[in-house]
């Protein structure tokens, strides 16, 4: 079983550190090297791998400095994106071994065209595709691509832990409550999120099981969600509902 630690960066990023039992580690989406190097030094770890989900600078900005500090580190990331530091370009369906665990690479286009995720050991590192109670903005891809990516994640086991890259949960819950004001589980989750954030504690990881109950972008089949977007789209098919939700969230 791998141990996961969150390293906060910038205003709301999480860099995830994956550690095994013999002081070796990997990090996911290190937008800033400084807090990573501080943590590694403090805990006397050796950095063996960097996993990248997509090319945005708040996810890769620290990679070059980490490579300078650990010249033999493996840098894994999306083959389809312009990331010059990669040593191991990967794509959908590839597998990688990390500390005796096998991780599957998932193609998750939408936020960016080449965005990928990594799932293994019951853990999903999904970058900016799925957030707790939300999903990523569609910068390069299409609504269809993001919709397909989220459905790919929905097919994973419900107990899968979700490690996304940002602490957006409180604002996402506010939007989710605008969509489903009568969702009692959402009200309970809002209270939990508020308690955690008041103590400066992360709301992540979440689980796919929880997200199925509280995330409007995964609940496009629910009558309450369809009703909420009925003034924004003439159609009630899943993709139209999802697209209307994403456009609503953009302006929320």
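We count from 1, first residue shown onward.
Keep in mind that glycine also has a Cβ here, set from the backbone N, Cα and C atoms.
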Review point. 58, 59, 128 bind Zn(2+) 2 according to Swiss-Prot; which of 88, 166, 187 goes with them?
Key: 166
Review point. Taking 38, 111 as the options, which does Swiss-Prot list with 54, 56, 128 at the Zn(2+) 1 site?
Key: 111
Revision key, fill the gap. Excluding 58, 59, 128, 166 themselves, the Zn(2+) 2 site's Cβ centre has within 8 Å the residues 13, 29, 31, 53, 54, 56, 127, 165
Study note, to complete from the structure: Taking the centre of the Cβ atoms of 54, 56, 111, 128 as the Zn(2+) 1 site, the remaining residues of that chain with Cβ inside 8 Å are 53, 55, 59, 112, 115, 127, 129, 136, 139, 165
**Study point:** Integer Cα-Cα distance in angstrom, residue 59 (Zn(2+) 2 binding site) to residue 128 (Zn(2+) 1 binding site)
**Key:** 10
Study note, to complete from the structure: residue 58 (Zn(2+) 2 binding site) sits from residue 128 (Zn(2+) 1 binding site) (Cα to Cα, rounded, in Å) at a distance of 11
Check your understanding: Under a criterion of Cβ-Cβ distance under 8 Å and sequence separation of at least 6, what residues of the same chain contact residue 56 (Zn(2+) 1 binding site)?
Key -> 112, 128
